[in-house]
Amino acid sequence: MDFLDYAFMQRALLAAVLVGITAPAIGIYLVQRRQALMGDGIGHVAMTGVGLGFLLSWSPVWMATIVSILGAVLMELIRWFGRTRGDIALAMLFYGGMAGGVMFINLAPTGSNANLTSYLFGSLSTVSESDVTAICVLAAFVVLVTLGLRRQLFAVSQDEEFARVTGLPVRALNLLTAITAAVTVTVAMRVVGLLLVSALMVVPVAAAQQLTRSFAATFAVAVAIGVAVTLGGTITSYYQDVPPGATIVLLTIGAFVVLTALAAPLARRRARALATAHPAGDPAECAIPATRAAGDEVGV
Amino acid sequence: MGATGEPVISMRGIRAELGSRPVLRGIDLTVRHGEVVALLGANGSGKSTAVRSVIGQVPVSAGQIELFGTPRHRFRDWARVGYVPQRTTAAGGVPATVTEVVSSGRLSRARFGMLRKADHAAVRRALEVVGMADRAKDSVNALSGGQHQRVLIARALASEPDLLIMDEPMAGVDLASQEVLAGTLRDQVASGTTVLLVLHELGPLEPLIDRAVVLRDGCVTHDGPPPKAVGQHALPGHDHVHPHAAHDAEPIRTGLLS
Ligand SMILES: Nc1ncnc2c1ncn2[C@@H]1O[C@H](COP(=O)(O)OP(=O)(O)O)[C@@H](O)[C@H]1O
Ligand SMILES: [Mg+2]
């Protein structure tokens, strides 16, 4: 465990754990609402923020946070208003964001494509003290939202139309989801990079689903997978001199493959257990109880 | 709770366009307290759009909608409304248990999204009413079509609503489940719940229905006793005396509009 003696490694590991928690925590809601690639889009838009940060000699992390939040809000607005050509508008936003990033960083006196690369694919060894502070603050926000509002976000992501009839502020919750996803992108940017961040939002959730039946369990398993692969990838990259972002993403996909292979026999066992619990023609399937207690009534 | 006969849903002259195409062309529809009203019509006649305009999901370009006597844009008491959207599945992109999905329906009664003991009990009761209590911990992905509908209905019942709005709750439901749903609805109506339901055919629900409103191309073409067989007898002016129409307040005849 000699890597713990280095300050840069301590910072890297802390950042990695926070990314391992936050990316699947918001990613699960994106997957639930079938917007799995939203994180990827925000990652592209965030590049403009990084470029602007260099151009204006501002913190690229904070600048990327601001720009990706603006981009996420714009994406939500396009979803509300742009009925017909929404996909085209989104494509322009994504590629405009990427082109803007490349343009700004080349205009910046201190910037070069090498700087940009460290944001595109992550660069844990260059995570600074102030980066860690920013990552901690942003990660706390993401955890607060994804856990504190889990019932509301679950309802809106499961069935938006129904959620509206329960009186939930659907638009505000959609905006909050988009903003939280944008914040997560910038949290993860230094660790796995903007181009790979979406993988960490989506793949741990997909892997967890192979084993779970409930949303709560999927959430917990996805976060556990996220933390395991970010720590594993960071430590591997210390010993093997491989890029951490790519290592983390490949480990995540490996976890998905392993869990999928494990899931088939598990599902068979479950089906057998279910068959014993509810044998064919079980009256519990369609019978109306002959008597009904007063406490059973739902109504006025 | 209101007195019998008080309007629970009131739509007057409702027009709505979807993608610049008029879908509702001046709908008048009143559902009174304790009534069970079926909204009938061919595919694309505007049934879903009509109920979605009631809950504020579809913007209306003209007319007034009131819920429990309150203009819809000022209506906030959503716990009184249980809604079953037109769906074939209760599943989302991530696994969720039957209980987790049905609990969403209780949020309108929960403060800050916190479910208390009484809320969990209400969710359990809603599952018992639709006969899904034994599947409470199962994933909704593992359910049949009829069971999905039962979960969606339990979700609507979880807030113990005074008004149930159901959009084709019988679509893709096998006969056994249809009987269960009819029984569920009968119990709800007996306890005083007002019901507006979109149906393709009356089926086992027929004896429960007080009044039928038939839409065609975004217009009301019939408002009165439920026709025996939709399509054949669903024409305006068709004289069919229904045994269940008598006990209720006389049907509101709005006739053909626009
Ligand atoms: N989002 C939409 N955009 C444009 N047209 C729509 C949309 N939804 C429904 N329509 C059209 O509105 C009409 C009425 O639809 P709907 O209310 O769903 O009918 P029903 O529920 O009676 O089958 C249909 O002709 C349908 O094509
Ligand atoms: Mg419909």
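Every residue, even glycine, has its Cβ placed from backbone N, Cα and C.
For reference, TrEMBL has these:
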- A:12-30: transmembrane segment (TRANSMEM)
- A:62-81: transmembrane segment (TRANSMEM)
- A:88-112: transmembrane segment (TRANSMEM)
- A:132-150: transmembrane segment (TRANSMEM)
- A:162-181: transmembrane segment (TRANSMEM)
- A:187-208: transmembrane segment (TRANSMEM)
- A:215-239: transmembrane segment (TRANSMEM)
- A:245-264: transmembrane segment (TRANSMEM)
Stretch among A:88-112, A:132-150, A:187-208 sharing the most Cβ pairs under 8 Å with the transmembrane segment (A:215-239): A:187-208
CB contact flag for the transmembrane segment (A:162-181) and the transmembrane segment (A:88-112), at least three pairs under 8 A: no
Outside the transmembrane segment (A:62-81), six or more residues from its ends: residues with CB under 8 Å to it: 38, 41-43, 45-50, 52-53, 56, 89-90, 93, 97, 119, 134, 138, 171, 174-175, 178-179, 181-183, 185-186, 189
Contact between the transmembrane segment (A:187-208) and the transmembrane segment (A:88-112) (at least 3 Cβ pairs under 8 Å, separation 6+): no
